[in-house]
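Peer 1: The structure's right below; bear with me while I get my questions together.
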Amino acid sequence: MGHKVVPLKGVREDLRGRFACYASDWTGGFNSGYRILAATAYIFFASALPVIAFGEQLGRDTDGTITAVQTLTSTAICGVIQAIIGGQPLLIVGVSEPTSLVYTFMYDFAKDRSEVGSRLFLGWAAWVCVWAALMLAAIAILGACSFINRFTRVAGELFGLLIALLFVQQAVKGAVNEFRTPKSQDASQEQFQPSWRFGNGMFGLILTFGLLWTAVKSRNAGSWRYGPGFIRRFIANYGVPILVIVWSAVSYAPSGSVPEGIPRRLTSPNPWRSPIATTHWDVILDMNDIPAVYVVAAIVPALMIVILYYFDHCVSAQLAQQPEFNLRKPFAFHYDLLLLGFTVLICGLLGLPPSHGVLPQSPMHTRALASLKKELVRSKLIKRARTSLEQHPTGTKLHGDLQDSYQQTESPLPSPCAPRAMKDLHFNNIVDSVTFDPEKDVDLLLPVEVKEQRLSNLLQSVLVGACVGAMPALKRIPSSVLWGYFAYMAVESLPGNQFWGRICLLFTSSSRRYKSLESSHPMFMHTVPFKVTAAFTIFQLVYMVSCYAITWIPIGGVLFPVLIMLLIPARQFLLPRFFKRQYLQELDCAEYEEVAPLSLNEAVKEAEANGLTHEDADRSDDESLDQMTTVARGEVKHQYKSPLHYRSGSADSSPENQL
């Protein structure tokens, strides 16, 4: 309201703020030493695998015009540019599923036009990128990124679930196609005979579901009860790329007893010898052969790309700079969007699909660097605390020494100090390793901080580019493993998505909804009546299905980003007409608020009070008996309170106070 548009104002402010800390962006990375390599490797695998998968998808949908070679090249080039001259170095860019979808629609449109066809598709796509680059630049110059706060949870989670649905669609289509003869292949070959196609498909399903199941399990390795902590953390961080290698190795088990080509593998060409690889360097010449009417028509898909990138790029940057990360350096939304227009133009002229800020890699990068910063500060504090306890064992001296260590690491000492470990350190009482254990109590002093630097993004982008040269090795990955990876990306995006949680709650039996309160759950389950939650969820569900349905419309499916953007004014002006503002604030809150698990009796009582369930919840005798007896021997379980309860000296610590 009353906002005056000053061209380039936001870009100038972004440049001024980031230029002041540009030198520290590099020195901070080099001063981190070898430790930064862990965060680099983590985000490299998180970036490279999806890009390879999208390349395989595009190769199939564009008849090999665009393959994993091009998606990897685009991600590497744009990533290097973002790391060196980008405003926010924590932002990870890459080819995404929406880009793959739009380019598929564009190819379906162009190949049926004799004036363009598949031969001139890249030339026409270059014109699309030219128009998109101009519009992105105009948006950045006019300061439209100021409206980024309008992207609330309702829009972000709906878009995230739509992408998850598209991932599942690609996984299912890919798995089904393993039973069919690929296009442009000779059906008379032995590997495409019905019996071998069936065998290829069934073996592909084993590889697909094998990767999906093991990848989902590996992500929770950090909470396993078995094995040393460093092994569990390693599996949790790097288990998925390792499992891609493992299941690729499993695919060679029937080697020698089946025809060559079973199971099917990546079809990307050799980047150095393929004729297709050389056609991408003369796209500018093809642009001259595009008729004027199609140059103008390129504005339509360009507008769709701009809508998608404006939404996705800004949200990715926003989530990479959440307040919880305590970032100190300024944001650069306007400048980064202007730079995005520049990289879109470069990709178009080189015949590459454009890259932009991607989820969830961007916030994953920030979290990885937050862990790095914590480990650096932790090791220095432990060393200083031990020295202080040996030389000057008083609380005042220990507190002062830790204060100095924090200042040396450019980290503010939390105030007030951690209540349990540091509450007495201002007094001159004697402190020893029992009162203050450096290995354990130092953790209470560690705030969430991020090592803001450019080196990790640059290194991971260079590694992605190196994958292009390793394409002969990557072609050994079975395509069915990638379909499993698509499914994994869909499953991995669901935790923390309140929209998905409310859908599950909607389809839960009314007599069982109280069970949702027996685990950690969102705050709205206590503050918003279930009928209101159900109505809000149904609205989102219908809207998402409408967006998904549009993607099935031939050619017209390219318009699906319009519905995504219309959700923002719908949230601002339409939803308040049907829902109370206080309920909207709870269901569309900016922060993820979670409530601790309740006991069975508390969960049932709370569910009844909030309309989640009813008093006549059907709890069968069999269910009660299963909880009271062991499965193997049918023994009755005798449950007691924790022994710690008895040691506390409580009045209920007598043996007769059994549960």
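Yeah, the Cβs are placed from backbone N, Cα and C, and that goes for glycine too.
What TrEMBL says about a protein is an automatic prediction, not a curated fact.
I grabbed these lines from TrEMBL:
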{"type": "DOMAIN", "residues": "8-184", "note": "domain 'Bicarbonate transporter-like transmembrane'"}
{"type": "TRANSMEM", "residues": "34-54", "note": "transmembrane segment"}
{"type": "TRANSMEM", "residues": "124-146", "note": "transmembrane segment"}
{"type": "TRANSMEM", "residues": "158-176", "note": "transmembrane segment"}
{"type": "TRANSMEM", "residues": "196-215", "note": "transmembrane segment"}
{"type": "DOMAIN", "residues": "202-374", "note": "domain 'Bicarbonate transporter-like transmembrane'"}
{"type": "TRANSMEM", "residues": "235-253", "note": "transmembrane segment"}
{"type": "TRANSMEM", "residues": "292-311", "note": "transmembrane segment"}
{"type": "TRANSMEM", "residues": "332-352", "note": "transmembrane segment"}
{"type": "DOMAIN", "residues": "448-589", "note": "domain 'Bicarbonate transporter-like transmembrane'"}
{"type": "TRANSMEM", "residues": "549-570", "note": "transmembrane segment"}
{"type": "REGION", "residues": "609-628", "note": "region 'Disordered'"}
{"type": "REGION", "residues": "638-659", "note": "region 'Disordered'"}
{"type": "COMPBIAS", "residues": "650-659", "note": "compositional bias 'Polar residues'"}
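How about a rundown of where these features are and what they're close to?
Peer 2: Same-chain residues lying 6+ beyond the ends of the transmembrane segment (34-54) with a Cβ under 8 Å from its Cβ atoms: 68, 71-72, 75, 79, 92, 94-97, 99-100, 237-238, 240-241, 244, 266, 358, 360-361, 364-365, 368-369, 371-372, 375-376, 451, 453, 455-457, 459-460, 463-464, 467, 474, 477, 482, 485-486, 489.
Within its own chain, the transmembrane segment (124-146) is flanked in space by residues 3, 5-11, 103, 106, 110, 116, 283-284, 286-287, 290, 294-295, 298-299, 301-303, 305-306, 309-310, 314, 333-335, 337-338, 340-342, 344-345, 347-349, 351, 354, which lie at least six positions past its ends and keep a Cβ under 8 Å from the stretch.
With a cut-off of 8 Å between Cβ atoms, the residues of this chain six or more beyond the transmembrane segment (158-176) that come close are 57, 60, 97-98, 101, 201, 204-205, 208, 311-312, 315, 359, 479-480, 482-484, 486-487, 489-491, 493-494, 497, 499-500, 540, 543-544, 547-548, 551, 564, 567.
Only residues 6 or more beyond the boundaries of the transmembrane segment (292-311), in the same chain, are considered here, and those with a CB under 8 A from a CB of the stretch are 98-99, 102, 105-106, 113, 115-116, 124, 127-132, 135-136, 139, 144, 151, 155, 159, 337, 340, 344, 354, 356, 558-562, 564-565.
Summarised by DSSP class, the composition of the domain 'Bicarbonate transporter-like transmembrane' (448-589) is 105 helix, 3 strand, 34 coil.
If you look at the transmembrane segment (549-570), the same-chain residues 6 or more away from its ends with a CB under 8 A from one of its CBs are 98, 101-102, 105-106, 108-109, 150-152, 154-155, 158-159, 162, 166, 300-301, 304-305, 307-308, 311, 543.
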